[in-house]
Amino acid sequence: MTRPSVKLLTTLLACLMEMLNFRVSSGKDPDLLSSSSSSMSPSDFLDKLMGRTSGYDARIRPNFKGPPVNVTCNIFINSFGSVTETTMDYRVNIFLRQKWNDPRLAYSEYPDSSLDLDPSMLDSIWKPDLFFANEKGANFHDVTTDNKLLRIFKDGTVLYSIRLTLILSCPMDLKNFPMDVQTCTMQLESFGYTMNDLIFEWLDKGPVQVADGLTLPQFLIRDEKDLGYCTKHYNTGKFTCIEVKFHLERQMGYYLIQMYIPSLLIVILSWVSFWINMDAAPARVALGITTVLTMTTQSSGSRASLPKVSYVKAIDIWMAVCLLFVFAALLEYAGVNFVSRQQKEFLRLKRRQRRTQKEEDLQDGRLHFSSYNTTTCVKDGAVVKNTQVNQIQQPSILKNTETNRKKFVDRAKRIDTISRAAFPLAFLIFNVFYWITYKIIRHESARKD
């Protein structure tokens, strides 16, 4: 072999080796990639990806000085706890999931399409500074270990999931209580990064998921949930914010059993006095006072679990009207008693008039004696017999007295008779207007809103 041929062969062999080295270093050859990855341990790979020797800095956001980082969020609701009217808040247990792309974490030297890392690695990477704007209290879960998930994909996409229990503020409008529909909001906001650096968005598919069979004691969670943006403007800048609104429809079965039906029965019980004899004053008065006091206690109990708001609620109107009907039934007997006693007052007035007339006759010197059909009159010291005088006959007095007594008693009985029909009819009319207004008109209006 000639010298030029050997030189040419050597040059070709060197070029081939250079090409092979380039393909190995660039990771484009699958076979060489497999052999290289098998020789690299996971610990070495993680150190190379985000360790001290990688040059990765968790203090700097992805695309620094470039476009903002888009973070897609979705939540999974494990449980929806108690909704408290007095403090106007609600408790919820969720999985919060955030996903964003960090080009510095993209890899090709490892065969797996994604890496599930220990939660302790969260301190080694950059994370969004998300917080809940309407949060009143929160806590993490660490039984039996930290309930956190970190997953990194080949293209640098990072999935961060965490389990939280939150107490969130929920301003309530209780005008239609207990037939109200409440709208409770959850707001996710960036604390320090403005919209030039960070933007939150809802996941396109299934942004808010609810566990199967999730129920609340007093509320029904509607299927529709309003998703939107709630961008906040402060003196320090414009901050990204997304929100979800939960529509909670109150189930009034508890209040129907504990408040409406007992108060209804108390009102009906107060009407029993209309069938009791008006002469049985102790029985009717005791029944009236008992129902009034019971209704007052019931009304106070209905407000014990509610905040001291300045407006009138639906339950307040119901309790006030029931108390009014019970008190009116007690006043009705007072009126009946007063009318029935007018006959005694009338007789007392007649006796007073006759006594006054006799006194006037004595002062005028006239005195009448009636005996054995002979009338004797003493006038000016002289006795005059057979004087014609208008005498009040005793049978006539008794007859007039009985007539007057019967007239007043009939009036009192008529009041009781009218009340037996008027009170139930008035209460029925009130119920028709009350339930149509609150259960149909206002309730449907709240559902549409």
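Positions of Cβ are set from backbone N, Cα and C atoms, glycine also.
According to the topological domains annotated in Swiss-Prot, Met278 and Arg442 fall on opposite sides of the membrane. According to Swiss-Prot, Arg97, Thr236 bind glycine 1; the candidate from Ser161, Ser300, Ser302 that the record adds to this site is Ser161. Matching His141, His247 to the Zn(2+) binding residues that Swiss-Prot gives (Glu224, Asp226) identifies His247. Looking up Asn70, Asn373 in Swiss-Prot for N-linked glycosylation site, the annotated residue turns out to be Asn70. The cysteine that Swiss-Prot pairs with Cys170 in a disulfide, picked from Cys184, Cys230, is Cys184.
Looking at 103-122, 283-302, the range tied to transmembrane segment in Swiss-Prot is 283-302. Confidence in the topological domain 'Cytoplasmic' (277-282), given as mean pLDDT, stands at 87.
For the transmembrane segment (314-334), the residues of the chain that approach it from at least six positions outside its boundaries are 175-180, 255, 259-260, 263-264, 266-267, 270-271, 273-274, 278, 284-285, 288-289, 291-292, 295-296, 298-299, 302-303, 415-416, 419, 423, 426-427, 430, 434, 438, judged by C-beta separation under 8 angstroms. Neighbour density at the Cβ, taken as the number of other Cβ atoms within 10 Å, is lowest among the recorded positions Asn70, Ser161, Thr236 for Thr236. Tertiary neighbourhood of the topological domain 'Cytoplasmic' (277-282): same-chain residues 333, 336-337, 340, 412-413, 416, selected by CB-CB distance under 8 Å and a gap of 6+ residues from either end.
Using a 10 Å Cβ-Cβ cutoff, Leu293 (site 'Important for obstruction of the ion pore in the closed conformation') registers 11 neighbours.
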